[in-house]
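Chemist: Mind having a look at this structure? Questions to follow.
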């Protein structure tokens, strides 16, 4: 007797649901197997390939010759040499090899040590001494109004501040009488200990130009010096930089200078002797460089203001927290 049409419809519907359920369940099982295997699908293919190879090798006559097969089609350089009894290990850099039924199975390779300085390397130009060290030797004449030599001690931090025995205003260490215009010296000495310095400029993400521009111009701001004298060092510097291979790579856009004076000291617009400062920042080459200053005019994209040096130079994070706590507890 024929089934009613409605019943036949529901029977067909149940059959479709059953087939769909079995298909989805099979996919879940396959997904689970792939996730727990050593190399997912790659592991499955390798295991099948290795098993077939071992079977063929077992059926063949014994010999001392080595058989070679590739781990995967994507990595032909990884080869495993096998004989009847063992599997010779591949180099350690490619991972450990375990024996499984005379089939070499490569486990996950150990994680490589990434370069902690990647993207942080800095190359420092080796400038002529007249642009930095010779200025420190002439520290007595760097400022017209006072002697800068004491402030150049302790790597530019200046004389150490020592409190009287009964006073307990400051912390015991890391306080120095730092001059507000000594940033260039402090920064240069800090860079000498930077952990990611490189002598290979092709690795560098930035190139530092250790020119003490602020100390240089400071000795000529008063006393009626003409513009030729004030601009001599800046022009000589950019001329030398433009001839270096490091400059030609990006035309100076990866170079930076740290200036220890305000922006207007390097922005003389005219060439009249009565005008103030040098024209360092208006030179075409300098416009390509990043310039870090204790104050910025804010009119140029390559200017970056950074704080004035202070008397407090902590060497540990806890010293900063101690000072902050001390200041919060002080009554104004």
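Glycine residues also receive a Cβ, built from the backbone N, Cα and C atoms like all the rest.
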Chemist: Which stretch does TrEMBL mark as transmembrane segment, out of 12-34, 35-57?
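Modeler: Going through 12-34, 35-57 one by one, TrEMBL flags 12-34 as transmembrane segment.
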Chemist: Averaged over the domain 'Exostosin GT47' (117-332), what pLDDT does the prediction give?
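Modeler: That stretch averages a pLDDT of 93.
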